[in-house]
Amino acid sequence: MSVLRFLVTRQALAALTRPRTLNIIQNPAQIAYASTLCNQNSNHNAKDLTKSSANLSLMQTRGHKRFGHQEEKTPSVTKYFHMFILSLFLISVMDWGKVKRMLTPKVDADAGQRPSSAADVNGEDKSSESESEDSEDEEAGSDLHLHEGKKIREKVGFRERKIIEYENRIRQFSTPDKVFRYFATIQVPVADDRHEVYMTPTDFLTSMTPGMKQPDGLGLDQYRRYDPKSVGEQLNLHLEKNSIFYKLGSYGLITFSDYIFLLTVLSISRRHFEIAFRMFDLNGDGDVDCEEFEMVATLVRQQTSMGTRHRDHANTGNTFKGVNSALITYFFGPNMDEKLTIEKFLDFQEQLQREILSLEFERKEPNDEGNITEADFAELLLAYAGYPLKKKQKKLKRVKRRFRDHGKGISKQDYLDFFHFLNNINDVDTALTFYHIAGASIDQQTLQHVAKTVAMVNLSDHVVDVVFTIFDENNDNQLSNKEFISVMKNRVQRGLEKPKDTGFLKMMRSVFKCAKETKPVLLDI
């Protein structure tokens with residue numbers, strides 16, 4: 001029975017899988033009719049396909065860009081814009097002065113002959129003057145100064161300008177410890193493989209003066225090694241034998257404690273020192289001993305922005321250890337039994353200021369006659385003004401243009417006399433205010449009279465003329481009193497009175513104090 005069922009099932013499956021024979025194949029008429037239907041269907045499908053492809057092509061042409069299969073043409077406006085941007089870039093980076101020198105080389109009339117020494121010097125002077133005039137006409141901010149045919153300073157590039165801005169922020173906002181470590185350049189070995197960092201007097205000046213760039217290769221914790229015990233190695237500090245810096249000991253070098261003390265001396269006026277001395281002069285004789293002087297120095301240092309900002313850093317070795325022992329010996333004698341008078345200390349302060357001014361003057365490289373240019377003198381006056389770069393360059397260019405042809409230069413004595421006049425700037429401010437209230441104009445003769453009356457110093461006509469050129473904006477030969485006084489006060493104080501922070505913490509402290517002391521309004525309801 002099962003065998004029979006198996007055979008039936010296999011036969012049924014074979015019948016299902018066997019191809020079915022069409023009867024229409026055996027009839028020729030039916031074959032012709034079927035072929036006609038197939039041709040009609042194929043023609044109809046071809047027409048539909050052609051129509052749909054045409055519609056698709058039309059739709060792609062109207063709405064799309066063939067999906068990136070066809071190269072896209074750049075519009076002419078875009079090409080012109082790209083050419084314009086590229087031209088601006090090339091104009092900005094190209095050294096046009098060099099291009100001008102290449103296209104128009106200088107040809108001397110006596111090129112075939114060797115001129116004499118005098119003619120050579122005169123020729124160099126004339127060519128250098130013409131180069132200076134061309135540079136001043138081309139750029140207002142050119143920093144080229146000529147002394148007897150010698151070029152002193154080249155134009156400051158982008159990299160140097162950014163470094164100077166960074167160093168100015170260090171001077172303004174950093175702690176005294178970091179300022180000292182950045183601008184100090186000397187490292188002296190001591191016992192047990194340890195080293196102590198020192199400043200030279202030039203480093204001390206650089207740490208205070210904005211715009212003075214630290215030499216390449218020297219910076220934060222980067223120093224030159226110097227061994228005082230080495231016979232063949234000597235430091236040339238360009239100081240006089242009786243310099244005040246040699247009284248500090250350490251071969252005329254400045255330690256961190258000396259740095260703090262000297263900044264304190266420079267940042268406090270004579271009047272404030274006199275008051276501090278009288279406060280600690282218990283017997284009223286005008287003298288103080290060593291212990292009283294330590295208290296005076298501590299009190300005065302705490303009143304300065306530098307003193308409030310300083311924190312001892314034991315890990316760097318920069319801790320304030322009090323007044324230098326060599327200075328203590330200079331003030332109070334080897335046995336510490338002498339008294340320090342206010343006159344002796346003020347003489348020390350005046351001598352320190354005079355040496356700093358001399359270093360500034362010598363840094364401008366005076367000519368053979370010992371004079372610096374009027375533009376250099378203007379730069380020294382405006383060093384601490386805090387002007388924007390364009391405003392400062394405008395004033396300097398006005399001075400260069402004014403004294404280009406008949407400049408006599410500024411001697412060292414005229415320079416020191418003018419800054420002796422500035423040491424009495426508060427009294428000068430009072431005197432000029434009286435003139436202004438009385439309705440009198442402040443001309444050059446008035447300023448000379450005030451200097452003679454207040455500071456007991458005779459200002460030369462040429463120095464006063466340069467000062468009026470700097471601060472006389474409208475060329476009416478009248479001094480702008482407020483601007484002159486504010487700039488000169490900053491110059492005397494060398495920016496040391498400015499706070500060493502951005503003011504954000506002070507503002508937040510004021511906000512918290514106000515919120516703490518103010519009663520909420522809801523409590524009054």
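Every residue gets a Cβ built from N, Cα and C, even glycine.
Quick look at what Swiss-Prot annotates:
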BINDING   Asp281, Asn283, Asp285, Asp287, Glu292  Ca(2+) 1 binding site
BINDING   Asp472, Asn474, Asp476, Gln478, Glu483  Ca(2+) 2 binding site
COMPBIAS  130-141  compositional bias 'Acidic residues'
DOMAIN    268-303  domain 'EF-hand 1'
DOMAIN    459-494  domain 'EF-hand 2'
REGION    109-146  region 'Disordered'
- Message: Using DSSP and collapsing to three states, where does Asp281 (Ca(2+) 1 binding site) fall: helix, strand or coil?
- Response: coil
- Item | Residue, out of the binding-site residues Asp287, Glu483, whose Cβ gathers the largest set of other Cβ atoms within 10 Å | Asp287
- Message: Mean pLDDT across the domain 'EF-hand 1' (268-303), rounded to an integer, is what?
- Response: 78
- Which chain neighbours of the Ca(2+) 2 site, leaving out Asp472, Asn474, Asp476, Gln478, Glu483, have a Cβ atom within 8 Å of the mean position of the site's Cβ atoms? Phe468, Phe471, Glu473, Asn475, Asn477, Leu479, Ser480
- Task: Run through the Cβ atoms and count how many others sit within 10 Å of the one on Asp281 (Ca(2+) 1 binding site).
- Result: 17
- Note on the structure: Whole-Å Cα distance, Asp472 (Ca(2+) 2 binding site) to Asp287 (Ca(2+) 1 binding site), is 46
- Query: Taking the Cα atoms as reference points, how far is Asn474 (Ca(2+) 2 binding site) from Asp281 (Ca(2+) 1 binding site) in Å?
  - Reply: 51
- For Asp281 (Ca(2+) 1 binding site) and Glu483 (Ca(2+) 2 binding site), what Cα-Cα distance in Å is obtained after rounding to a whole number? 39
- Nearest to Asp287 (Ca(2+) 1 binding site) by C-alpha distance, among the binding-site residues Asp476, Gln478, Glu483, is Glu483
- Query: What is the total of other Cβ atoms whose distance to the Cβ of Glu292 (Ca(2+) 1 binding site) is within 10 Å?
  - Reply: 17
- Query: In whole Å, how far is Gln478 (Ca(2+) 2 binding site) from Asp285 (Ca(2+) 1 binding site) when you measure between their Cα atoms?
  - Reply: 47
